[in-house]
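Notes follow once the structure below has been shown.
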Amino acid sequence: MPNWELKHCCKHEQVVFLATLGVCAVVILALWRTVLLLPFKLVTVFIHEASHAIACKLTCGHVEGIQVHADEGGTTQTRGGVYWFILPAGYLGSAFWGMVLVLASTKLLTARIAAGCLVVTLIVVLFVAKNWTLRGLCIGFVLFLAIVWILQETTKIRILRYIILFIGVMNSLFSVYDIYDDLISRRVNSSDAEKFAEVCPCPCTGVGWGVIWGLISFLFLCGATYLGLVILS
């Protein structure tokens with residue numbers, strides 16, 4: 001049985017991991033509404049929509065198209081599948097993949113694997129994208145990751161792990177912040193949580209589901225932080 005107990009903290013690598021994660025979180029929250037984070041926010045929107053698509057496929061549905069818009073919105077057209085499973089998959093999928101990327105950033109090998117998987121996913125989506133914003137995002141981010149990879153392998157600018165960590169933290173925080181933005185600060189009635197409240201027989205409002213999903217997303221980030229420390233120990 002694997003031992004998930006954190007026995008040693010905090011060594012140099014663990015301190016660097018915690019400090020970098022904290023810096024990423026502060027930078028993301030401080031610059032959230034600025035154009036500087038727009039490319040990364042569009043990537044998180046893409047991962048959100050891709051999570052809907054994955055949930056649709058897992059429940060034997062058909063994905064008719066994915067769109068990511070320049071205003072940070074996105075849509076996934078699906079047919080069939082289990083609707084109550086597809087709807088929460090966007091927020092919770094973002095949080096899950098955020099956790100995976102945070103954990104992948106703890107080692108160079110896993111960071112390379114994560115970057116490679118992200119590149120392959122973007123290339124596949126490039127051919128099924130329904131609008132030019134998503135196509136441009138796919139091409140631009142593939143080039144960006146390729147440049148980071150080349151710098152990692154040929155120079156002393158070794159930032160691949162930090163880029164993967166940044167994207168992971170961004171996805172984790174995006175879930176929490178977007179739920180708050182949609183359901184508490186401005187109440188978007190067409191949000192996933194509001195739609196889920198309509199189809200789910202449970203007596204819970206869209207805001208209630210948003211709070212639940214937000215807490216789960218935050219727990220994913222906390223779990224990623226803890227497991228990251230365990231891996232580095």
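Residue numbering: from 1, along the chain as shown.
Any Cβ shown, glycine's included, is placed from N, Cα and C.
The transmembrane segment annotation in TrEMBL covers 15-32 (among others). Sequence-remote contacts of a segment are chain residues at least 6 beyond its ends whose Cβ falls under 8 Å from one of its Cβ atoms, and for the transmembrane segment (15-32) they are 102, 105-106, 162, 165-166, 169-170, 173, 177, 225, 228-229, 232.
Long-range contacts of the transmembrane segment (82-102) within the same chain: residues 21, 44, 47-52, 54-56, 58-59, 61, 76, 114, 164-165, 167-175, 178-179, 192-193, 195-196, 199-200, 209, 213-214, 216-217, 220-221, 223-225, 228, each at least 6 residues beyond the stretch ends and with a Cβ under 8 Å from a Cβ of the stretch. According to TrEMBL, the transmembrane segment annotation covers 82-102 (among others).
Annotated transmembrane segment per TrEMBL: 109-128 (among others), in sequence order. Counting residues 6+ beyond its ends, the transmembrane segment (109-128) has Cβ neighbours under 8 Å at 46, 50, 63, 65-66, 100-101, 103, 134-135, 137-139, 141-142, 145-146, 148-149, 160-161, 163-164, 167 in the same chain.
What TrEMBL lists as transmembrane segment is 134-152 (among others).
Per TrEMBL, transmembrane segment is recorded for 159-180 (among others).
Taken from TrEMBL, the feature transmembrane segment applies to 211-232 (among others).
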For the transmembrane segment (159-180), sequence-distant contacts whose Cβ falls under 8 Å of one of its Cβ atoms, 6 or more beyond its ends: 20-21, 24-25, 28-29, 32, 37, 40-41, 43-45, 47-48, 91-92, 94-95, 97-108, 111-112, 114-115, 118, 145, 148-149, 151-152, 193, 210-211, 213-214, 217-218, 220-221, 224
